[in-house]
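Participant: Sending over a structure as structure tokens; questions will come in a sec.
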């Protein structure tokens, strides 16, 4: 397997220096590229992320019901949230993919990016311990944990963007599918989202049109909050 370039730079972006860089390399390796891929690390990272976020919400909202806690956790650990984190880290620049995935734009696919985030969490746990993971994840999620509230319907990104623009009496966003790749059973959709307040369009890539629209809408919301 070829070495993945610029791992020290990625470590700085993540805020964690690996003692064993082979773990990070494995976390970035898709199953299409090598036998030693990231799926087991993803399994581990998914569980660690769930317990850390559950613990944070439990202590942050002592009066919240189990239902509210579950809904907030689902919002924070779902695929589109992980995809936004992956994009912030520019993980697509570091992924090791097989030729087929590379050709079909796998470095932009939301499921691959989200899985890579979970795999990196698993790799950090194996390289350190649960407490290190907890502190790092709370740093990654600081802004999202500060904004989330119980008792509030955890609306999807498209709904939130629409309501935000309507509140300002602005035109609604325009979504256009600009590319579809892959076989019928394994397609990748690229969707462009345009709004009047941004000079450039924002792109979302996912395994369905709806997911791609959600990803694009979430990125627009992030830009509008800056």
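Placed from the backbone N, Cα and C atoms, the Cβ positions cover glycine too.
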Participant: Quick check on the annotation: Swiss-Prot has 115, 118 binding Mg(2+), so which of 42, 66, 181, 192 does it put in that site too?
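Facilitator: Matched candidate out of 42, 66, 181, 192, per Swiss-Prot for Mg(2+) with 115, 118: 42.
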Participant: Looking only at the domain 'RNase III' (7-129), what is the model's average confidence as pLDDT?
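Facilitator: When the pLDDT values over the domain 'RNase III' (7-129) are averaged, the result is 92.
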Participant: If you draw a 10 Å sphere around the Cβ of residue 42 (Mg(2+) binding site), how many other Cβ atoms fall inside it, taking every protein chain shown into account?
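Facilitator: Excluding its own Cβ, residue 42 (Mg(2+) binding site) sees 21 Cβ atoms within 10 Å.
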Participant: Would you mind listing, in sequence order, the residues at least six apart from residue 115 (Mg(2+) binding site) in the same chain with a Cβ closer than 8 Å to its Cβ?
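Facilitator: The list for residue 115 (Mg(2+) binding site) reads 38, 39, 42, given in order along the sequence.
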Participant: Look at the active-site residues 46, 118 and tell me which residue has the greatest number of other C-beta atoms within 10 angstroms of its C-beta.
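Facilitator: Going through 46, 118 one by one, the largest Cβ count within 10 Å is at 118.
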Participant: What counts of helix, strand and coil residues does DSSP assign across the domain 'RNase III' (7-129)?
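Facilitator: Taking the domain 'RNase III' (7-129) as a whole: 88 helix, 2 strand, 33 coil.
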Participant: Which whole-number value in Å describes the distance between the Cα atoms of residue 46 (active site) and residue 118 (active site)?
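Facilitator: Cα-Cα distance, residue 46 (active site) to residue 118 (active site): 5 Å.
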